[in-house]
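Single-structure report; data block below.
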Amino acid sequence: MKNIIILIINTGSSSLKFTLYEYQYQSEQILASGIIEKIKTTQAIIKIKFKNKLLELTNLNIKSHKKALKHLIKTLTNKKTKIINYLDQIQGIGHRIVHGGAQFKNSVIINQNVLNELKKISHLAPLHNPIAIKVIEQMFILFPNAKQVACFDTSWHQTMNQKAFLYATPYSWYKDYHIRKYGFHGLSYAYITKRTAIILNKNIEDLNLIILHLGNGASINAVQKGRSYDTSMGLTPLEGLVMGTRSGDIDPTIIPLMSKILKKTTKQIENILNKESGMLGISCKSNDLRDIWIESNNNEYNSKLAVEIMTYRIKKYIGSYLAALDFNIDAIIFTAGIGTSDYEIRKLSLQGFEKIGIKIDFQKNNLAIDKNTEYDISSNQSNIKILVIPTNEELTILEDTYDLIKNN
């Protein structure tokens, strides 16, 4: 197949990220990339990089994602940018979809049946899926000749066994209402697994890994024989690790209890657990770990406590996944913003594991701070590899989109 132009779209509740690629198998060139922010306001911003230039438009009246798409098209095709000459040059559009439920085990070409299924599970990701669906529908109007592909953050985890994904709630909740662990960050984990296989020169099917995706949102994935075996996020991204603003694991009775005490609805309490908890909640200052480290290094109590709680939770999950994988793993990998740049978090997360042969090289670890560079930070005496690998979720979407277009 000749080089084709593919547009990658990542729809947020008030933003639209995009990258335009010229792509041929395992060879990609970025033609343009950018973001439209503050959608649904009169202060919207468009930032776009192309041909070593940066274009920024501010104070735009963009009241909907539909209008944002029209601005995007205008920006890609106008005489000033000349990124593409006409819309039909774009042959494929890959969408990142937060939640695919249990229906979508792989990326798929979008048709009306796929859209109907997505609408049925919109309640599982009410902040993201409905807007993504609207964007897809608008894209069918704007790009009638392009094939659209849905790539799901949940698909990677569809290989989990029932013992890993079921909650110990009435079984009818699962059968009738699809209440179960789905997991997220799947596009990241798929990329990291594939990349680790290349680095270690092993077949993917032979890989057992523990991958830590540590950013403002954070999760851990146990990988057995190259497939997702267990993960920390659940029905929603709220379960699991302590995150920037999310609480992670809590006793569920806290919700009705605090609802009664604070005289707030359960929806309001859920919002607090999602947006006012985690590192922000404990530190009482910030969800940004860089800010928290400044305070922690000045011996500020809550900031130190936030780091301790965060890394303690990570250690517990690493230990439990080591046991779940029968202590048979090839590597532990750190990825995403915090995972690739914060050597202290990596050190604290693995503290104590040297007693079972998982040994970090402190000097290598301290030097591993470039978010765009891969590192091996394991000691020569370590029984397994400890790696730092920047993730590339867009590349997973790009490759899946290309493969599906090529074969259909």
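A Cβ is built for glycine as well, from the same backbone N, Cα and C atoms used for every other residue.
Positions annotated as Mg(2+) binding site by Swiss-Prot: Asn10, Glu393. The Cβ of Glu393 (Mg(2+) binding site) has 22 other Cβ atoms within 10 Å, all protein chains considered.
Around the Cβ of Lys17 (ATP binding site), the same chain contributes Ile9, Asn10, Gly34, Ile35, each under 8 angstroms and 6 or more positions distant in sequence. If you look up Swiss-Prot, you'll see Lys17, His213, Leu214, Gly215, Asn216, Gly217, Asp288, Leu289, Arg290 marked as ATP binding site, on the strength of sequence analysis.
Residues annotated as substrate binding site in Swiss-Prot: Arg96. In sequence order, Ile8, Ile9, Asn10, Thr11, Ala132, Cys151, Asp153, Leu187, Glu393, Ile397 are the residues near Arg96 (substrate binding site), counting only same-chain partners six or more apart with C-beta under 8 A.
Per Swiss-Prot, the feature active site, proton donor/acceptor maps to Asp153; the stated evidence is sequence analysis. In three-state terms derived from DSSP, Asp153 (active site, proton donor/acceptor) belongs to neither a helical nor a strand segment and is classed as coil.
Annotation source Swiss-Prot lists site 'Transition state stabilizer' at His185 (among others), citing sequence analysis. According to its DSSP assignment, His185 (site 'Transition state stabilizer') is coil.
Residues or ranges marked as site 'Transition state stabilizer' in Swiss-Prot (evidence: sequence analysis): Arg246 (among others). Residue environment of Arg246 (site 'Transition state stabilizer') contains 26 other Cβ atoms, counted within 10 Å of its Cβ in all protein chains.
Within 10 Å of the C-beta of His185 (site 'Transition state stabilizer') we count 28 further C-beta atoms, all protein chains included. Note: the CA-CA distance between Leu214 (ATP binding site) and His185 (site 'Transition state stabilizer') rounds to 10 Å. Around the Cβ of Leu214 (ATP binding site), the number of neighbouring Cβ atoms within 10 Å comes to 26. Sparsest Cβ environment among the binding-site residues Asn10, Asn216 (other Cβ atoms counted within 10 Å): Asn216. Neighbour list (Asp288 (ATP binding site), Cβ cut-off 8 Å, at least 6 residues apart, same chain): Gly244. Sequence-distant neighbours of Arg290 (ATP binding site): no residue of the same chain at least 6 apart has a C-beta under 8 Å from its C-beta.
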